[in-house]
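**Student:** Got a structure for you, questions after.
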Amino acid sequence: MSKIEHNSAKTIDGGAAALHKTVVMVGMMGAGKTAVGRALAQRLGVPFLDSDAEIESAANMSIPEIFERDGEAFFRDRESRVIARLLEGAPCVLSTGGGAFLAEANRRMISEHGVSVWLKADLTVLWNRVRHKDTRPLLRTADPRATLRALYEARVPLYSEADLCVISDGETSIEQMVDRVIAALATRKDVLELS
């Protein structure tokens, strides 16, 4: 992982940007992977893909329905297959589900074909973003906040293996988060060239 936790902004300032590898957004549910990823793709002029949306489209059902009908293990297998397929294409921005980066095979595949960017948010920020949503199957428990805390504590060590880390503090706009991600990516000339 980048030794710097990127929380300063740098913009493209009208210059051209050349993306050489797929940017894979990783992190907890509620970290902003989809919102920031979509805005980043627009700023860089590359496609935005969402692994969860691709899975839902292929299965013709929602993630919670897949979890309920087929279980988490089935979902994780499909998730790995979809990510592998999406990484084969031209460089883009790919948002992944919160659990995708947990599998060692997925981390290796992402490292070989892209660059992982961990949107690091603290537990309070995450809870404030997800507590009113019923689309998170892993939080359908008697104590969803305790469940989120347990997931957070288990996942952070794996997320810390990401190539780059960008702080998502809950007070920064999506556009400012995109600036932070671009600043982090710009430290990797094999990933992003700014001119």
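Placed from the backbone N, Cα and C atoms, the Cβ positions cover glycine too.
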**Student:** Among Asp52, Asp122, Asp169, Asp179, which residue does Swiss-Prot annotate as binding substrate at the site that also has Arg76, Gly98, Arg155?
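**Tutor:** Looking at Asp52, Asp122, Asp169, Asp179, the one Swiss-Prot places in the substrate site next to Arg76, Gly98, Arg155 is Asp52.
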**Student:** Near Arg76 (substrate binding site), how many other Cβ atoms are within 10 Å of its Cβ?
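**Tutor:** The answer is 16 other Cβ atoms.
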**Student:** Name the residue among the binding-site residues Lys33, Arg155 whose Cβ has the smallest number of other Cβ atoms within 10 Å.
**Tutor:** Arg155
**Student:** Give the helix, strand or coil assignment DSSP yields for Gly32 (ATP binding site).
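**Tutor:** Gly32 (ATP binding site) sits in coil per DSSP, no helix or strand.
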